[in-house]
Amino acid sequence: MVEKHLLEFLEKLQFLISKNVKISHYGIENVKKICGVDIAYKGNLGFSVGVSMDINSGDYNYKSYVGEVNFPYIPGFLFMREAPLMIKAIEGLDCHLLLVDGHGIAHPRKSGIAAVIGVLLDFPTIGVAKSRLTGDLVNESEITYVYLNGEKVGVKFGRYFYSPGNKVDLQDCIELGKRGYPKVLKIADMLTKKIKKE
């Protein structure tokens, strides 16, 4: 149980983060090294893995970080559970763009975990999520957009949702989504599950 005053405080923090998100075109075609970060749980332990992958060769290296997680799962506040561990797992990894398992600005306060991490690290991030958290789906020119209060905040390709975190734009998300679910996130997911079992 999380006290109401703490959630209200965290909402204010999220609004502050959202005001500091920079939406600008990055250019997926310019990315030579891409990072992905994911997390798995066993009890109250979180197993986070950051993967850095060379786009051309497919070669990758990774870092893992294990830590205790005491904040409960509350939709819209995922960053409190996962961001600290994810940031530790990607420290020192070499990449141009970070993909985060979670939402960017396709979030009720436009401050999903990919936006939080992107702003805190001042780094280009895209959120890739498995389910919709907020907004309405609208099909336009063969692309499914996520609209929030009349604004396009994300896109859906297959069963995945892509939204800008920081220093990227919707076109970057579209270009990424057209390529299918990112391999670097598949690797991160596989490694979190493997490390959790060890």
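From the backbone N, Cα and C atoms, a Cβ is placed for every residue, glycine too.
Feature annotations, courtesy of Swiss-Prot:
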type: BINDING; residues: D38, D101; note: Mg(2+) binding site
type: SITE; residues: Y73; note: site 'Interaction with target DNA'
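Distribution of Swiss-Prot features across the structure.
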residue : record                             : Cβ within 10 Å
D38     : Mg(2+) binding site                : 27
Y73     : site 'Interaction with target DNA' : 11
D101    : Mg(2+) binding site                : 22
Cα separation, D101 (Mg(2+) binding site) to Y73 (site 'Interaction with target DNA') (Å, whole number): 15
DSSP-derived class (H/G/I helix, E/B strand, else coil) of D38 (Mg(2+) binding site): strand
